[in-house]
């Protein structure tokens with residue numbers, strides 16, 4: 001089983017065998033040997049050797065290969081979407097949009113590099129001031145399972161454009177998607193060693209994160225793991241660290257004329273991708289009184305009709321399975337803990353089969369829970385909080401250590417102006433789902449949601465460092481000398 005990609009060749013790992021499973025059927029989706037510490041060392045060494053040649057390539061030459069990658073992704077959209085659906089449980093309709101986003105990332109990343117970094121010149125009296133950007137060197141990219149193609153791609157593409165070389169460690173829950181993606185890079189003509197793939201579980205990740213020859217680490221995943229990485233690199237200022245983590249995101253419902261539109265956007269916010277987006281709404285603030293009652297009744301009615309099915313079902317479901325049977329069980333357990341603390345289930349979550357990742361979209365009223373835990377439950381578990389005043393809703397929405405996304409559904413533009421001034425989050429939407437984001441804008445949050453904006457348009461900032469120069473084409477003695485100098 002040759003499932004590692006090192007120095008331009010597919011090779012076998014020397015670590016333990018592990019497998020990924022289709023969470024909708026429990027069938028094995030991928031199996032192979034993991035990368036040992038020695039394998040990781042070979043991958044980093046390969047990336048280090050390749051760096052000089054890759055970074056010396058003309059920018060347009062690097063971009064030509066990356067554009068070829070995008071074209072091949074489009075050609076292979078169905079095959080890669082199937083790989084994504086098989087390993088993650090994500091319905092095919094949604095997996096196809098992920099592949100399209102991967103291809104679109106290339107053009108956006110080239111534009112971002114030129115705008116955010118690139119080269120700038122300004123004339124001076126005796127020469128020119130030049131700002132250039134240099135690649136860091138070897139960067140490690142850690143990918144998540146919820147978007148195993150798109151999210152690591154969002155770091156790999158800008159890193160390569162800038163001239164870095166990459167060692168990619170995907171989620172152990174989606175190694176097959178990583179393999180399919182790297183095969184496309186190989187066919188696109190990427191030189192040997194520029195991109196290396198190390199498959200594995202926790203030990204592989206530790207070996208890569210601890211390697212002394214990496215110059216940067218780009219991580220997308222849980223806040224707990226990201227916080228550990230932040231502590232680990234706290235004494236190493238020479239490492240560029242990009243952390244894109246989770247959120248306990250609020251969606252505030254104001255009075256609206258079109259209740260069905262509000263319910264639709266709430267369902268998209270809470271349950272899209274089976275709630276496995278870091279920008280999904282976890283806490284939904286609903287006003288007390290008659291309007292709030294009508295909204296909640298309609299939200300419950302539509303949610304109760306949502307079905308979950310296997311990724312390639314016909315007709316396609318709105319939701320697939322969550323990533324694993326274990327993840328499904330953890331969500332049901334989280335609901336139980338909330339109920340023990342005083343939450344009232346409106347639609348209770350159940351796990352369809354203990355071997356599978358199927359859970360239903362659930363709604364629990366946590367208004368009466370004192371000291372509501374500030375936790376991200378990564379799945380379709382919506383927590384309802386009834387509020388008396390708009391300012392009370394904003395105050396409670398801000399009562400979190402996270403700050404990734406937030407949203408307001410309201411007809412009142414003055415309410416929106418007040419909301420965006422006072423809410424604390426990196427992505428703040430009005431009359432759009434909380435998980436609506438543009439790749440042409442920076443992506444990231446405040447607090448425990450990450451460090452600055454490591455994804456989307458501002459990813460370019462993490463992929464190259466500025467080098468300032470003052471230059472003159474001719475060496476000349478100044479016409480005016482400093483006091484005390486005699487020539």
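Backbone N, Cα and C define each Cβ position, glycine as well.
Annotated in Swiss-Prot:
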type	residues	note
BINDING	221, 222, 223, 224, 225, 226	NAD(+) binding site
ACT_SITE	244	active site
ACT_SITE	278	active site
| Looking only at 224, 244, which of these recorded positions has the biggest number of Cβ atoms within 10 Å around its Cβ? | 244
| request: With an 8 Å cut-off on Cβ-Cβ distance and a minimum sequence separation of at least 6, pull the same-chain contacts of residue 278 (active site), or say none. | output: 146, 244, 245, 246, 247, 376, 404, 405, 449
| Applying the rule Cβ within 8 Å of the centroid of the Cβ atoms of 221, 222, 223, 224, 225, 226, what extra residues of the same chain belong around the NAD(+) site? | 219, 227, 228, 245, 246
| remark: Same chain, |i - j| six or more, Cβ under 8 Å of residue 222 (NAD(+) binding site); the result in sequence order is 245, 246, 376, 378
| field | Close in space, distant in sequence - residue 223 (NAD(+) binding site), Cβ under 8 Å, 6 or more apart | value | 245, 246, 376, 402, 448, 449
| field | Of 221, 225, 226 (the binding-site residues), the residue whose Cβ has the fewest other Cβ atoms within 10 Å | value | 225
| field | Collapsed DSSP category at residue 221 (NAD(+) binding site) | value | coil
| remark: Once DSSP output is merged into helix, strand and coil, residue 244 (active site) belongs to strand
